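Colleague: The structure's right below; bear with me while I get my questions together.
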Amino acid sequence: MESIEQQLTELRTTLRHHEYLYHVMDAPEIPDAEYDRLMRELRELETKHPELITPDSPTQRVGAAPLAAFSQIRHEVPMLSLDNVFDEESFLAFNKRVQDRLKNNEKVTWCCELKLDGLAVSILYENGVLVSAATRGDGTTGEDITSNVRTIRAIPLKLHGENIPARLEVRGEVFLPQAGFEKINEDARRTGGKVFANPRNAAAGSLRQLDPRITAKRPLTFFCYGVGVLEGGELPDTHLGRLLQFKKWGLPVSDRVTLCESAEEVLAFYHKVEEDRPTLGFDIDGVVIKVNSLAQQEQLGFVARAPRWAVAFKFPAQEQMTFVRDVEFQVGRTGAITPVARLEPVHVAGVLVSNATLHNADEIERLGLRIGDKVVIRRAGDVIPQVVNVVLSERPEDTREVVFPTHCPVCGSDVERVEGEAVARCTGGLICGAQRKESLKHFVSRRAMDVDGMGDKIIDQLVEKEYVHTPADLFKLTAGKLTGLERMGPKSAQNVVNALEKAKETTFARFLYALGIREVGEATAAGLAAYFGTLEALEAASIEELQKVPDVGIVVASHVHNFFAEESNRNVISELLAEGVHWPAPIVINAEEIDSPFAGKTVVLTGSLSQMSRDDAKARLVELGAKVAGSVSKKTDLVIAGEAAGSKLAKAQELGIEVIDEAEMLRLLGS
């Protein structure tokens, strides 16, 4: 007679086998009812013997309790995005760039896949067992969705087969088939629940549930398309070979993956998929085209946040016709005035569209748009609604000219348009309510001053009630004043006050980024902070001095110089410092007096480090007299390459710049 352990092992093995046949091979051998019977038998045995339950059991897909919030997972290898092409000419230009970059006229073959319209995820297996899963997030850090991913039956909790790597990070797309999407919405309408606009939104909403039991009820599925971390094992040296190996281990791969021998075959694949698109049963918005050879991929490298060896060939966006009811003008954080078309609502690609951006005055002139016109609306990339053209043959007689404002629609200040720029801007600065709201929202955001609990709606109310006019006013708020806001009780109000107090202790780089200087993002702010060290030195810097900072050109230097030249901005900064905003004093370093191999050198870090964080490494390098830059140029003296170094390493090699690895960096730091 079999032992309980043997029965459990056999049931789990049988169920995993049938999950593989159903989800990966699309060739089920048993009816659903038989699968359900086996699952019930396993569940009953595990209920009687809970001490024998294993984490990879098919019964353990459903989490037991909701989470309070998602924690973060940092991607060991960044999840990069892809560049897009939208027509054959652009694809052929991409193909030529690839051919030109490869030496010796090497033959290029292409692995072509469907571009699924879902949610990109990363799944980590250790010794074949699923241990974590994360969303793409910002490409560097994503949300921990492990409990939810475990509920998706297409994703194996344990890989099967031989030669499975010790650590394998699989990347792919979670999506919702059309039939499942329609059923979710049908159930929602019947029960008065939330109706989703399209399958992608439904997939994202299902996967980002704090309660995995809800995710388990949604018929999500998954196809894998790539690899991140790979340790303690090997994979084939072609992209297609890797996908086929994934399939052998039990991971689902689309059966539409195709190897193409030429650009002509790629175009034929694209048109065939476009033709079949309505019958696939799930949403796609194009095809993904990748160089098949891993060696060639490595040779081609990366640029910015995308590989040079892959591209997304998007399908033409879906279009509809409707009428322009009116054109209104919105004011953004930097004073940019953007015209927005208010439309007769129309469904485009499954979404009800009632507004579309018109970008600027030049675009209105190019379109020849008048209020009342019949227009063609497109969801560019199936996401952002835009006006494609005016249907002049059906123009009504009572259309009206669109008049671009000469004064800000919010504060009445003059509108100016700098010669050579397409964007018109309000000159009202912080006296403009619209700019004030957006500036304050940026100021408190996570990557800026990081004021926890200070959401957009709170900022809106604070500005509308005239409690806050400048960022410094935020630090004068009391719990009593906040309690008067909508949905803000005494406890929540005190939490916000505490968060503001905590935010006073920041870094020079975060403070600069929070000020919202035009063209100054996080990387530029960090570069300015590292180079000048103190606010006083930065405020006094000339445009010429500012351009000595790595990655700062004449445009950014001018914006920074003009910002600090404006008295109202200096006054706001003084108020912030008076309210207690502060950061650690810089370590004053004279590179000439430091006996260090890094002294006086411009250094760039790339890839992931295993022995210390990037921030710690930067701090140590600066202490030893280095200037740490964000990108590689002819001014770069040294590149430190960690794991999965990408385009920066390739550029350094191209320019003949010295490159060292993490081990050598640590040795030099120790010396």
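For all residues, glycine too, the Cβ spot is worked out from N, Cα and C.
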Colleague: What range among 77-82, 221-226, 551-556, 665-670 does Swiss-Prot record as region 'Interaction with target DNA'?
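Modeller: Range annotated as region 'Interaction with target DNA' by Swiss-Prot: 551-556.
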Colleague: For the record in Swiss-Prot, which of the ranges 3-8, 405-410, 453-458, 597-602 is the region 'Interaction with target DNA' one?
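Modeller: It is 453-458 that Swiss-Prot annotates as region 'Interaction with target DNA'.
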Colleague: What's the CA-CA gap between S492 (site 'Interaction with target DNA') and C432 (Zn(2+) binding site) in angstrom, rounded?
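Modeller: It is 28 Å, counting Cα to Cα.
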Colleague: Based on Cβ atoms within 10 Å, give me the single least packed residue among the recorded positions R136, K290, R487.
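Modeller: Relative to the other recorded positions in R136, K290, R487, R487 has the fewest Cβ atoms within 10 Å.
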Colleague: For a quick check of packing: other C-beta atoms within 10 Å of the C-beta of K115 (active site, N6-AMP-lysine intermediate), how many?
Modeller: 21
Colleague: If you count other Cβ atoms within 10 Å of each one's Cβ, which of the binding-site residues L82, C408, C411, C426 has the most?
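Modeller: Per the Cβ count, the most surrounded site is C426.
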Colleague: Measure from the CA atom of L82 (NAD(+) binding site) to the CA atom of K115 (active site, N6-AMP-lysine intermediate) and give the result in Å, rounded to a whole number.
Modeller: 11
Colleague: When you rank C408, C411, C426, C432, R487 by Cα distance to L82 (NAD(+) binding site), which of the recorded positions ends up on top as the closest?
Modeller: C426
